[in-house]
Amino acid sequence: MAARGGAERAAGAGDGRRGQRRHLRPGRVLAALRGPAAPGAGGARAALAAALLWATWALLLAAPAAGRPATTPPAPPPEEAASPAPPASPSPPGPDGDDAASPDNSTDVRAALRLAQAAGENSRFFVCPPPSGATVVRLAPARPCPEYGLGRNYTEGIGVIYKENIAPYTFKAIIYYKNVIVTTTWAGSTYAAITNQYTDRVPVGMGEITDLVDKKWRCLSKAEYLRSGRKVVAFDRDDDPWEAPLKPARLSAPGVRGWHTTDDVYTALGSAGLYRTGTSVNCIVEEVEARSVYPYDSFALSTGDIIYMSPFYGLREGAHREHTSYSPERFQQIEGYYKRDMATGRRLKEPVSRNFLRTQHVTVAWDWVPKRKNVCSLAKWREADEMLRDESRGNFRFTARSLSATFVSDSHTFALQNVPLSDCVIEEAEAAVERVYRERYNGTHVLSGSLETYLARGGFVVAFRPMLSNELAKLYLQELARSNGTLEGLFAAAAPKPGPRRARRPRRLRPAPGRGQRARRRRHAGGRVTTVSLAEFAALQFTHDHTRTSEHHVHRLASPWCLLQNKERALWAEAAKLNPSAAASAALDRRAAARMLGDAMAVTYCHELGEGRCSSRTRMRAPGGVCYSRRGSFFGNESEPVEGQLGEDNELLPGRELVEPCTANHKRYFRFGADYVYYENYAYVRRVPLAELEVISTFVDLNLTVLEDREFLPLEVYTRAELADTGLLDYSEIQRRNQLHELRFYDIDRVVKTDGNMAIMRGLANFFQGLGAVGQAVGTVVLGAAGAALSTVSGIASFIANPFGALATGLLVLAGLVAAFLAYRYISRLRSNPMKALYPITTRALKDDPGRNRPGEEEEEFDAAKLEQAREMIKYMSLVSAVERQEHKAKKSNKAARLLATRLTQLALRRRAPPEYQQLPMADVGGA
């Protein structure tokens, strides 16, 4: 049986060219083709000997081995037993041996690495019977490989992405108006009530603004306006008009500035029981914020007023075609108008075009500016300093790795001229591209072509500027120079105007745009670009493209791999002719023996031999002056060993046909079980462990990252502030402004005290002033006296209003009540018993007289005449007593009125006739 090594057996008579071909095998074609070899075609004698040996080997394997210990290898033949025993091969130190503590740690590491590499080696022995042709195989033909394109057209560049501009156009405006407050009051005896109050906002006339407000920083204190279809004139404080100076508002807040003439609400009070109306006129100038949204046909003020006129309406540069809802008489545009600085009150030096519009309630003034230079329907969203454009299915895909987003558009450029108010895009995008190029690509790339714009899905406009690396640009220039054959062509190609031509493969014909693409073009042909508020679809598209890119990497590997397999099939066919057993073992992934049967291959599988049933010879010299090219071995049972040779990879070959001429300095390593054995000069030297041999691997690792790791960034098309600032009116600003209005232009902390006396005095003064000079003189005297009286009354009222004065007044009232009660009792007693009331002591003495009603005396009867005289006398005496008492009090108090009354009483008594009575005898009086 032929061996698998590099030597051959001794040539027989019938070998021919087949033996020579096997002798010229040049080693291994591929490392994966290692495997057992099949015997070649030998002579008749060799074939017969091989058949006999294989029959013997089959009988030995089939015989039962029970009762025969096979643990020891079979003994060598007698001629080989006298040979010296091979020296014991040193075994490598174990991990716990003495060598582990040696200082040479590198040796231990290398040994451990070799042991780890040798752990996967196969130490089993195989016996391969010769293929008989029962199993015939053939190599599979080449397979068709999947077609994979070379890739799409990729263009590197710088991109600027634009979105719909939803932010309103804001500007400063000045409003002029007069706040007219009319208050109606009714005055009672001790109080006043407001029965009605209304407020009107009156626009300031344009002539008053230009000639008085913006020129002198003053304002008239009267207002003329229409109310209910009637012309009404209102005067501040119901007084003659005058030029009131403007003063800053009481409250200063960011973005809130205003000026006014008064902070008082005039309230007039009339006489008791009458109605009175008072008017206050407050001239107010406010700086407000104005907002206008697309299509800019109106604008709103921060006060809540909406002006139905475009902020770009004017009388020049075609601005008269802008929208307006007011009559021409209400609008006025002044060229070269000098504004006044609201903070300092000084006139500015730069003239402007000033618009004035008088509405129903306010007069609005703002600076006119051209429309196309100040508003843009698109706003810059993001800048992509590294953008890649590629073609896919007739569309362009713009991938920005810095945004983790991919935008898909048509393959045709988008004409921005069809989008209204989009002039800012080209200018702003070119400036951004130039800035990015200077900062990052100035030394490595060159710009190629001009700025291109594309309308991406979702309403995004992509401004893309292609560029080339310097190396690629040089290659293109060299190609153009070779194609032109002159230096002029090179210089012409280097000129920046035409730009370098891209050396790409012929571009495929683009498919005609579909119905959806045509619809999108018609929709954006003359209208505004509308952008979605979410950009997750761009991130999903980027994820899809990222995954497809990884898939394309696999496809690019699969297609060349298939082509490589088809090419290697020819190598397999040739390897099968050189070593069919090795080729069959590698193809079948199993140890097999094979031989070629023309264009087919006969295959038979090898069988594994148990452990301890194989031994080897120590010498490799054969009789006849030749040597064995493979070491000899014995395998099988101990009683009937089979003599053969050790082939490659522990394959046992029956027979000893592999010989070679003996050479000097012979050194060979043969695989034997789990280790190698070393022979020198055809004699056994020692056993070599696998760890002592360095490993040369022919295996190429495939380190393939199928899906690259990416971090996705959140895409926020519109910020929260932009979404909150989209409307025409900012209701929070309007509410804030309305709540601050009273604090800014009126004093809410001042208390106005109403004085009715002053109202009376003012009324009297107005009355006497209407009578002329004489009336004014008389009025001065009367008003002086009335003022003194009012002061007295006010003093008394103030005294009573004081707590101590109220207590004193209460005590006086109580004392007066007690005195009145006592006087009433005195008068009552006087009426009932005058004598007792007038002479209480005399009557008490008469009552207590002991001589009255003596026992034994009779009571005398009263004389009627005497009784009447006594009564007259008592009456006269009472009058005299009263006169004396009154005279005494008058002298004591020195009052003229009382003295006068006393004299009159005395005169009355003197004129009275003498009393008509008779003198009584003394006996009647005292009893003497």
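Every residue gets a Cβ built from N, Cα and C, even glycine.
Residues or ranges marked as signal peptide in Swiss-Prot (evidence: sequence analysis): 1-62. According to Swiss-Prot, the compositional bias 'Low complexity' annotation covers 1-12. The topological domain 'Virion surface' feature in Swiss-Prot is assigned to 63-803. Per Swiss-Prot, the feature disulfide bond maps to Cys128-Cys606, Cys145-Cys562, Cys219-Cys283, Cys376-Cys424, Cys627-Cys662; the stated evidence is sequence analysis. The region 'Involved in fusion and/or binding to host membrane' annotation in Swiss-Prot covers 185-191, 270-277 and is backed by sequence analysis. Marked as region 'Hydrophobic membrane proximal region' by Swiss-Prot: 748-801, 781-801. Here Swiss-Prot flags 917-920 as motif 'Internalization motif'.
Shown on the structure are the features that Swiss-Prot records.
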residue : record         : Cβ contacts under 8 Å, 6 or more apart
Cys145  : disulfide bond : Ser559, Cys562, Leu563, Asn566
Cys219  : disulfide bond : Lys178, Val204, Glu208, Leu212, Val213, Glu243, Ala244, Leu246, Thr261, Cys283, Val285
Cys376  : disulfide bond : Asn165, Leu421, Ser422, Asp423, Cys424, Val425
Cys627  : disulfide bond : Met620, Arg621, Val659, Glu660, Pro661, Cys662, Thr663, His666, Tyr682
Secondary structure content, the region 'Hydrophobic membrane proximal region' (781-801) (per DSSP, counts of residues): 21 helix, 0 strand, 0 coil
Those disulfide-bonded residues listed as Cys128, Cys606, and which of them has the most Cβ atoms within 10 Å of its own Cβ: Cys128
DSSP three-state assignment (helix, strand or coil) for Cys424 (disulfide bond): helix
Cβ-Cβ neighbours of Cys283 (disulfide bond) (radius 10 Å): 27
Cys562 (disulfide bond) CB neighbourhood, other CB atoms within 10 A: 16
Largest tally of Cβ atoms lying within 10 Å of a Cβ, found at which of the disulfide-bonded residues Cys424, Cys662: Cys424
DSSP-derived class (H/G/I helix, E/B strand, else coil) of Cys376 (disulfide bond): coil
The region 'Involved in fusion and/or binding to host membrane' (185-191) - residue tally per DSSP class, helix then strand then coil: 0 helix, 3 strand, 4 coil
Number of helical, extended and coil residues in the region 'Involved in fusion and/or binding to host membrane' (270-277), per DSSP: 0 helix, 3 strand, 5 coil
Average model confidence [pLDDT] within the topological domain 'Virion surface' (63-803): 78
Assigned element (helix, strand, coil) containing Cys219 (disulfide bond), judged by DSSP: strand
